[in-house]
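What follows is a short report on a single structure.
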There are 2 protein chains.
Amino acid sequence: MERVEQHASFGGRQEVWRHESRTLGCTMKVGIYLPPAALRGERCPVVYWLSGLTCTEQNFITKAGAQQHAAQHGLIVVVPDTSPRGDGVADDPSYDLGQGAGFYLNATQAPWAAHFRMEDYVVHELSAWVEQHFPTNARRSIFGHSMGGHGALTLALRHPGRYASVSAFSPIVAPSQVPWGRKAFAAYLGEDQGAWAAHDAVSLIATASERLPLLVDQGEADEFLATQLKPELLQAACDAVGHPLTLRMHPGHDHSYYFIASFIGEHLAFHADALKARA
Amino acid sequence: MERVEQHASFGGRQEVWRHESRTLGCTMKVGIYLPPAALRGERCPVVYWLSGLTCTEQNFITKAGAQQHAAQHGLIVVVPDTSPRGDGVADDPSYDLGQGAGFYLNATQAPWAAHFRMEDYVVHELSAWVEQHFPTNARRSIFGHSMGGHGALTLALRHPGRYASVSAFSPIVAPSQVPWGRKAFAAYLGEDQGAWAAHDAVSLIATASERLPLLVDQGEADEFLATQLKPELLQAACDAVGHPLTLRMHPGHDHSYYFIASFIGEHLAFHADALKARA
């Protein structure tokens, strides 16, 4: 492992690390924000951020404005890349499949199954690596945007007990029912839709064994709202089983990082509260 | 003129406009943040941000985290590009001359004199355009980073009465004495160094007719500190004539937008205070 960037930021430090992932079979970059408390040697909880299509670890750490709030709450923020990367890794010319579009699952189909194992990477290998090398207290929350909102919701629902809270901006809540998800699931999981429900938040909510604090923010001027995101499907699924959900619709807001930045402080406060309650 | 981007942001709106500049002889892009007060129709003061080498209008509006503070103080923030642009505009293969490196002056030498008139553009044409099309109260402040810190300091000092306050992150305070400035001044103003002092903040301070509030933040881990920035020269020039200066050195901070984001709130509060005092 090697630190490739470090920048003082709000009394803490924004770092970028490169490490070898055995799960993915490639080198991965990870953004790590260490708040002032961590630099003083205190053990801090970790919030994992999962980014959307086409992103690397850079988008969130440069544009979301999360560091000031992580500094205030004493949160380590870990930001992985969105897929395995490199010349030896399968890819597709379109932006919504292959590198930059890992969809936070373990692919079962060729040519993807060899490297595309983002679920195992994020849930197991990355958190073990983070907890070994940084001053954490082994409490975790998870959040993300768009494809990464899908990732946060499904990983939290598939791994009960692992995260104290989950939140999302503009998530793909029902990938089995929308073009981005159907294309990715067909490629990564195969045409048999029987395997898809296990990676679909709206399906998973129906049988969730845990009642996690769940916050979703969605812009009403989001260009993908009606075709790809459909938060009303998550609301209906939560209502059907009495799962808690705070779904907030925001007039005028679009799918960009300007939306994320406007509410990132509230998301980090939400996670800080849930992580404290776990203490 | 044409609006090419608009994003809801902290109750206000981050916009990007394209307009034809008669001064520069090309099309220019400008970032404009309108705070909630401006969207309600109130007339607001304007803070002009001048970016550093290689930047466009995008760097500051996506990375600095200024919008939340501009929203709170009711400030319009205007962010021009760093030079004229386009196929018909002279350029140089190096990053520190030509397009992306206008140095906020009017060039007198070929091939630059035809388009490189960033001083006239920022001070006159851009502010007239802003004050014609947006709800301003004609009060202005100015700030910037690195080459843009040089721009903010020199434009404020060369145009007394025009700005209520000036601040800078990591500015080039003495371009006549450092490699970035000497290269640019030789190209844009000619080898005769007699013309350089009029665009050098350290020289201009000596004869300043106005005592503007002046705030400078500088990172101690800035990779350009000793070779290009030399804030001690500005401190000495201010001390020599009794010009007010708040110069703050920040351990650990580098030349990046992580540094700017960490202190942007204090700069906007500083300008908001000075602009209120002008009311």
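For all residues, glycine too, the Cβ spot is worked out from N, Cα and C.
Bear in mind that TrEMBL entries carry predicted annotations, made automatically and left uncurated.
What you see is a predicted model, and the numbers here were worked out from it, not measured in a lab.
Taken verbatim from TrEMBL:
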ACT_SITE  B:Ser146  active site, charge relay system
ACT_SITE  B:Asp222  active site, charge relay system
ACT_SITE  B:His255  active site, charge relay system
Separation of alpha carbons, B:His255 (active site, charge relay system) and B:Asp222 (active site, charge relay system) (Å):
5
Using all protein chains in view, find how many other C-beta atoms are within 10 Å of the C-beta of B:Ser146 (active site, charge relay system).
25
Proximal but sequence-remote residues of the same chain as B:His255 (active site, charge relay system) (Cβ under 8 Å, at least 6 apart):
B:Ser146, B:Ser170, B:Gly219, B:Asp222, B:Glu223, B:Phe224
Suppose we draw a 10 Å sphere around the Cβ of B:Asp222 (active site, charge relay system). How many other Cβ atoms does it contain, all chains included?
21
